[in-house]
Ligand SMILES: CSC[C@H]1O[C@H](OP(=O)(O)O)[C@H](O)[C@@H]1O
Ligand SMILES: Nc1ncnc2[nH]cnc12
(Lines of atoms letter the chains of each structure in order from A and count residues from 1; the text may use other names and numbers.)
(Lines give C-alpha, C1' and ligand atoms only; values in the text may rest on other atoms or scores of the structure.)
(Ligands and ions follow the chains in the order given, each with its own letter.)
Protein backbone atom coordinates (compact mmCIF):
# COMPACT_ATOMS: atom_id res chain seq x y z
CA UNK A 1 0.00 0.00 0.00
CA UNK A 2 2.83 2.40 0.97
CA UNK A 3 4.35 2.35 -2.53
CA UNK A 4 1.06 3.42 -4.22
CA UNK A 5 0.92 6.57 -2.14
CA UNK A 6 2.62 9.87 -2.99
CA UNK A 7 6.07 10.41 -1.45
CA UNK A 8 5.34 14.03 -0.60
CA UNK A 9 2.90 15.95 1.55
CA UNK A 10 2.67 19.70 1.27
CA UNK A 11 1.13 20.76 4.58
CA UNK A 12 2.89 20.74 7.95
CA UNK A 13 2.06 17.72 10.10
CA UNK A 14 1.95 18.61 13.80
CA UNK A 15 1.02 15.27 15.36
CA UNK A 16 2.81 11.92 15.26
CA UNK A 17 2.39 8.44 16.68
CA UNK A 18 5.35 6.10 17.08
CA UNK A 19 4.15 2.50 17.16
CA UNK A 20 6.17 -0.14 18.97
CA UNK A 21 6.02 -3.91 19.33
CA UNK A 22 2.67 -5.25 18.16
CA UNK A 23 1.61 -1.83 16.90
CA UNK A 24 3.24 -1.63 13.46
CA UNK A 25 0.28 0.29 12.03
CA UNK A 26 -2.93 1.96 13.11
CA UNK A 27 -6.12 1.27 11.24
CA UNK A 28 -9.18 3.41 10.75
CA UNK A 29 -7.43 6.43 9.22
CA UNK A 30 -7.06 7.46 5.59
CA UNK A 31 -3.44 7.08 4.38
CA UNK A 32 -2.58 9.98 2.10
CA UNK A 33 1.22 9.77 1.73
CA UNK A 34 4.22 7.58 2.57
CA UNK A 35 7.35 9.66 3.13
CA UNK A 36 10.96 8.52 3.14
CA UNK A 37 12.97 11.55 4.26
CA UNK A 38 16.74 11.54 4.67
CA UNK A 39 18.25 13.37 7.63
CA UNK A 40 21.85 14.09 8.66
CA UNK A 41 21.42 11.04 10.94
CA UNK A 42 20.22 8.70 8.20
CA UNK A 43 16.75 7.47 7.29
CA UNK A 44 13.93 6.64 9.73
CA UNK A 45 12.99 3.12 10.83
CA UNK A 46 10.15 2.90 8.30
CA UNK A 47 8.38 5.09 5.76
CA UNK A 48 6.46 7.77 7.60
CA UNK A 49 2.80 7.26 6.82
CA UNK A 50 0.66 10.37 6.72
CA UNK A 51 -2.85 9.50 7.84
CA UNK A 52 -5.81 11.84 7.89
CA UNK A 53 -8.42 12.10 10.59
CA UNK A 54 -11.17 14.70 10.28
CA UNK A 55 -8.93 16.62 7.87
CA UNK A 56 -6.01 16.62 10.29
CA UNK A 57 -2.78 14.92 9.15
CA UNK A 58 -1.08 12.52 11.55
CA UNK A 59 2.37 10.98 10.97
CA UNK A 60 2.81 7.33 11.90
CA UNK A 61 6.21 5.66 12.25
CA UNK A 62 6.90 1.99 13.07
CA UNK A 63 9.82 2.10 15.55
CA UNK A 64 11.23 -1.34 14.71
CA UNK A 65 10.63 -1.07 10.95
CA UNK A 66 7.79 -2.36 8.78
CA UNK A 67 8.72 -5.97 9.51
CA UNK A 68 10.06 -5.50 13.05
CA UNK A 69 13.59 -5.99 11.72
CA UNK A 70 15.32 -3.46 14.01
CA UNK A 71 16.45 -4.52 17.48
CA UNK A 72 15.97 -1.89 20.19
CA UNK A 73 19.64 -0.80 19.97
CA UNK A 74 19.40 -0.57 16.15
CA UNK A 75 16.44 1.81 16.03
CA UNK A 76 17.68 5.00 14.28
CA UNK A 77 16.14 7.21 16.94
CA UNK A 78 17.93 10.39 15.83
CA UNK A 79 16.72 9.99 12.23
CA UNK A 80 13.21 9.21 13.48
CA UNK A 81 12.92 12.28 15.69
CA UNK A 82 14.70 14.61 13.26
CA UNK A 83 12.57 13.45 10.31
CA UNK A 84 9.34 13.93 12.26
CA UNK A 85 10.40 17.40 13.36
CA UNK A 86 11.29 18.34 9.78
CA UNK A 87 7.72 17.51 8.70
CA UNK A 88 6.41 19.99 11.25
CA UNK A 89 5.71 17.49 14.04
CA UNK A 90 5.72 19.05 17.52
CA UNK A 91 3.76 16.43 19.47
CA UNK A 92 4.55 12.71 19.65
CA UNK A 93 2.57 9.94 21.30
CA UNK A 94 4.82 6.86 21.52
CA UNK A 95 3.58 3.36 22.27
CA UNK A 96 5.61 0.70 24.05
CA UNK A 97 5.09 -2.88 25.19
CA UNK A 98 6.49 -3.15 28.73
CA UNK A 99 7.07 -5.65 31.49
CA UNK A 100 5.35 -4.88 34.77
CA UNK A 101 7.46 -4.53 37.92
CA UNK A 102 4.42 -4.09 40.21
CA UNK A 103 1.74 -6.54 41.26
CA UNK A 104 -0.98 -3.94 40.71
CA UNK A 105 0.06 -3.29 37.09
CA UNK A 106 -1.45 -6.37 35.46
CA UNK A 107 -0.64 -7.55 31.97
CA UNK A 108 -3.01 -5.63 29.62
CA UNK A 109 -3.02 -2.55 31.89
CA UNK A 110 -1.72 0.74 30.52
CA UNK A 111 0.68 3.14 32.22
CA UNK A 112 1.27 6.81 31.44
CA UNK A 113 4.84 7.15 32.72
CA UNK A 114 6.23 10.35 34.19
CA UNK A 115 9.80 9.22 34.91
CA UNK A 116 12.60 7.12 33.36
CA UNK A 117 15.63 5.34 34.81
CA UNK A 118 18.34 4.87 32.18
CA UNK A 119 19.80 1.36 32.03
CA UNK A 120 20.96 1.56 28.42
CA UNK A 121 24.68 0.95 28.02
CA UNK A 122 25.88 3.92 25.96
CA UNK A 123 25.93 1.92 22.71
CA UNK A 124 23.04 3.86 21.15
CA UNK A 125 23.64 7.30 19.62
CA UNK A 126 21.78 9.51 22.10
CA UNK A 127 22.25 13.18 21.24
CA UNK A 128 21.96 15.65 18.37
CA UNK A 129 24.48 17.97 20.01
CA UNK A 130 28.01 16.66 19.56
CA UNK A 131 31.01 16.73 17.22
CA UNK A 132 31.60 20.47 17.57
CA UNK A 133 28.33 21.89 18.91
CA UNK A 134 27.53 21.19 22.56
CA UNK A 135 24.13 21.54 24.24
CA UNK A 136 22.72 20.41 27.59
CA UNK A 137 18.92 20.27 27.81
CA UNK A 138 16.89 19.88 30.99
CA UNK A 139 15.45 16.39 31.39
CA UNK A 140 14.20 16.35 35.00
CA UNK A 141 10.71 15.50 33.76
CA UNK A 142 11.27 13.41 30.65
CA UNK A 143 7.67 13.35 29.44
CA UNK A 144 5.12 16.05 28.67
CA UNK A 145 2.67 16.78 31.49
CA UNK A 146 -0.01 18.34 29.27
CA UNK A 147 -0.02 15.37 26.90
CA UNK A 148 -0.09 13.01 29.88
CA UNK A 149 -3.23 14.79 31.10
CA UNK A 150 -4.91 14.21 27.71
CA UNK A 151 -3.99 10.50 27.76
CA UNK A 152 -5.15 10.10 31.37
CA UNK A 153 -8.51 11.62 30.46
CA UNK A 154 -8.83 9.13 27.56
CA UNK A 155 -8.49 6.12 29.87
CA UNK A 156 -12.27 6.08 29.97
CA UNK A 157 -12.17 4.74 26.37
CA UNK A 158 -11.38 1.32 27.87
CA UNK A 159 -13.93 1.34 30.68
CA UNK A 160 -15.67 -1.96 31.34
CA UNK A 161 -12.83 -4.25 30.31
CA UNK A 162 -11.17 -4.51 33.73
CA UNK A 163 -8.16 -2.81 32.16
CA UNK A 164 -6.66 -0.05 34.29
CA UNK A 165 -4.81 3.00 33.01
CA UNK A 166 -2.25 3.91 35.68
CA UNK A 167 -1.77 7.69 35.55
CA UNK A 168 1.93 7.78 36.52
CA UNK A 169 4.91 5.46 36.72
CA UNK A 170 8.66 5.06 36.29
CA UNK A 171 9.94 3.24 33.20
CA UNK A 172 13.22 1.40 33.50
CA UNK A 173 14.77 1.49 30.03
CA UNK A 174 17.19 -1.44 29.77
CA UNK A 175 19.59 -2.23 26.95
CA UNK A 176 18.39 -5.65 25.78
CA UNK A 177 17.73 -7.32 23.48
CA UNK A 178 17.87 -10.17 26.05
CA UNK A 179 15.45 -9.71 28.94
CA UNK A 180 16.65 -9.00 32.52
CA UNK A 181 18.04 -11.45 35.02
CA UNK A 182 15.91 -12.15 38.10
CA UNK A 183 18.40 -10.23 40.27
CA UNK A 184 18.15 -7.20 37.96
CA UNK A 185 14.36 -7.40 37.90
CA UNK A 186 14.26 -7.40 41.71
CA UNK A 187 16.76 -4.55 41.85
CA UNK A 188 14.58 -2.44 39.52
CA UNK A 189 11.62 -3.09 41.82
CA UNK A 190 13.70 -1.94 44.80
CA UNK A 191 14.61 1.21 42.84
CA UNK A 192 10.93 2.03 42.48
CA UNK A 193 10.52 1.05 38.82
CA UNK A 194 6.93 0.50 37.69
CA UNK A 195 7.53 -0.99 34.23
CA UNK A 196 10.45 -1.98 32.03
CA UNK A 197 11.15 -1.62 28.31
CA UNK A 198 14.02 -1.19 25.85
CA UNK A 199 12.72 1.83 23.91
CA UNK A 200 12.06 4.89 26.07
CA UNK A 201 15.65 6.04 25.54
CA UNK A 202 17.16 7.71 23.67
CA UNK A 203 13.79 8.48 22.02
CA UNK A 204 12.47 10.66 24.86
CA UNK A 205 15.80 12.48 25.26
CA UNK A 206 16.07 13.25 21.55
CA UNK A 207 12.48 14.51 21.51
CA UNK A 208 13.43 16.92 24.29
CA UNK A 209 16.54 18.05 22.38
CA UNK A 210 14.31 18.64 19.34
CA UNK A 211 11.88 20.71 21.49
CA UNK A 212 8.99 18.31 20.94
CA UNK A 213 6.18 17.43 23.35
CA UNK A 214 6.60 13.66 23.87
CA UNK A 215 4.56 11.22 25.90
CA UNK A 216 4.93 7.47 26.00
CA UNK A 217 1.98 5.15 26.61
CA UNK A 218 3.05 1.79 28.00
CA UNK A 219 1.06 -1.41 27.70
CA UNK A 220 1.99 -4.18 30.13
CA UNK A 221 2.47 -7.54 28.47
CA UNK A 222 4.11 -9.57 31.26
CA UNK A 223 5.47 -9.53 34.81
CA UNK A 224 9.10 -9.71 33.61
CA UNK A 225 10.79 -12.42 35.73
CA UNK A 226 10.45 -11.24 39.36
CA UNK A 227 6.92 -12.62 39.75
CA UNK A 228 5.91 -16.15 40.70
CA UNK A 229 4.04 -16.53 37.39
CA UNK A 230 5.81 -17.48 34.15
CA UNK A 231 8.99 -15.59 33.14
CA UNK A 232 8.66 -13.23 30.20
CA UNK A 233 9.36 -14.43 26.67
CA UNK A 234 8.54 -13.00 23.24
CA UNK A 235 5.53 -15.26 22.71
CA UNK A 236 4.00 -13.93 25.93
CA UNK A 237 4.56 -10.30 24.88
CA UNK A 238 3.00 -10.90 21.46
CA UNK A 239 0.07 -12.85 22.94
CA UNK A 240 -0.84 -10.00 25.27
CA UNK A 241 -0.29 -7.34 22.61
CA UNK A 242 -2.66 -9.25 20.39
CA UNK A 243 -5.21 -9.83 23.12
CA UNK A 244 -5.16 -6.17 23.98
CA UNK A 245 -4.97 -4.66 20.50
CA UNK A 246 -8.62 -3.60 20.75
CA UNK A 247 -7.88 -1.52 23.85
CA UNK A 248 -4.66 -0.15 22.38
CA UNK A 249 -6.57 0.95 19.28
CA UNK A 250 -9.42 2.44 21.34
CA UNK A 251 -6.91 4.37 23.41
CA UNK A 252 -4.97 5.66 20.36
CA UNK A 253 -8.24 6.66 18.71
CA UNK A 254 -9.47 8.53 21.78
CA UNK A 255 -6.13 10.31 22.24
CA UNK A 256 -5.94 11.27 18.56
CA UNK A 257 -9.56 12.50 18.55
CA UNK A 258 -8.66 14.80 21.39
CA UNK A 259 -5.31 15.95 19.96
CA UNK A 260 -6.72 16.53 16.47
CA UNK A 261 -9.17 19.02 17.99
CA UNK A 262 -6.15 20.79 19.47
CA UNK A 263 -4.06 20.59 16.28
CA UNK A 264 -3.17 24.27 16.10
CA UNK A 265 -3.04 25.07 19.80
CA UNK A 266 0.11 26.09 21.66
CA UNK A 267 -0.07 22.73 23.44
CA UNK A 268 0.19 20.56 20.30
CA UNK A 269 2.63 23.02 18.74
CA UNK A 270 4.76 22.52 21.88
CA UNK A 271 5.22 26.25 22.38
CA UNK A 272 6.16 25.45 25.98
CA UNK A 273 9.34 23.70 24.75
CA UNK A 274 10.19 26.26 22.08
CA UNK A 275 13.67 27.72 22.57
CA UNK A 276 14.62 25.37 25.42
CA UNK A 277 17.20 23.35 23.50
CA UNK A 278 18.25 26.20 21.23
CA UNK A 279 19.11 28.25 24.31
CA UNK A 280 21.10 25.33 25.69
CA UNK A 281 23.10 25.06 22.45
CA UNK A 282 23.66 28.69 21.56
CA UNK A 283 25.76 29.67 24.55
CA UNK A 284 27.96 26.61 25.01
CA UNK A 285 30.36 26.31 22.10
CA UNK A 286 32.23 29.46 21.13
CA UNK A 287 32.20 30.27 17.38
CA UNK A 288 35.87 29.30 16.93
CA UNK A 289 35.18 25.80 18.34
CA UNK A 290 32.14 25.02 16.18
CA UNK A 291 32.35 22.33 13.53
CA UNK A 292 30.63 23.18 10.21
CA UNK A 293 28.89 19.79 9.87
CA UNK A 294 27.67 19.87 13.48
CA UNK A 295 26.32 23.36 12.81
CA UNK A 296 24.50 22.09 9.71
CA UNK A 297 22.97 19.30 11.77
CA UNK A 298 21.58 21.80 14.25
CA UNK A 299 20.33 23.89 11.32
CA UNK A 300 18.41 20.84 10.04
CA UNK A 301 16.53 20.67 13.35
CA UNK A 302 16.10 24.40 13.76
CA UNK A 303 16.15 26.16 10.37
CA UNK A 304 17.63 29.66 10.64
CA UNK A 305 19.33 28.82 13.95
CA UNK A 306 22.67 30.44 13.20
CA UNK A 307 21.24 33.55 11.57
CA UNK A 308 20.63 35.57 14.72
C1 LIG B 1 9.31 -8.03 22.11
S2 LIG B 1 9.60 -7.72 23.79
C3 LIG B 1 10.82 -6.45 23.92
C4 LIG B 1 10.59 -5.24 23.05
O5 LIG B 1 9.22 -4.82 23.21
C6 LIG B 1 9.22 -3.44 23.53
O7 LIG B 1 9.21 -2.76 22.28
P8 LIG B 1 8.51 -1.33 22.09
O9 LIG B 1 8.95 -0.45 23.22
O10 LIG B 1 8.99 -0.82 20.77
O11 LIG B 1 7.01 -1.57 22.10
C12 LIG B 1 10.50 -3.27 24.33
O13 LIG B 1 10.88 -1.92 24.46
C14 LIG B 1 11.46 -4.10 23.55
O15 LIG B 1 12.01 -3.39 22.47
N1 LIG C 1 9.88 -7.76 30.51
C2 LIG C 1 10.27 -6.90 29.59
N3 LIG C 1 11.51 -6.35 29.65
C4 LIG C 1 11.91 -5.43 28.72
N5 LIG C 1 11.14 -5.02 27.71
C6 LIG C 1 9.90 -5.53 27.62
N7 LIG C 1 8.91 -5.32 26.74
C8 LIG C 1 7.86 -6.08 27.09
N9 LIG C 1 8.15 -6.81 28.19
C10 LIG C 1 9.42 -6.48 28.54
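The backbone N, Cα and C atoms fix where each Cβ goes, glycine too.
Going by what TrEMBL states, the phosphate site holds 63, 64, 96, 97, 199, and the candidate of 21, 168, 265 recorded there is 21. 97, 222, 224 are the binding-site residues among 63, 97, 222, 224 whose C-beta comes within less than 6 Å of an atom of ligand 2, given in sequence order. Proximity of the recorded positions 96, 180, 223, 224, 234 to ligand 1, judged by a Cβ distance under 6 angstroms to any of its atoms, singles out 96, 234 in sequence order. Under a cutoff of 8 A between CB atoms, and with a sequence separation of 6+ in the same chain, the neighbours of residue 223 (substrate binding site) are 99, 100, 107, 229, 232. Listed binding-site residues: 222, 224. The one with the lowest count of other Cβ atoms within 10 Å of its Cβ is 222. DSSP classifies residue 96 (phosphate binding site) as strand under the three-state reduction.
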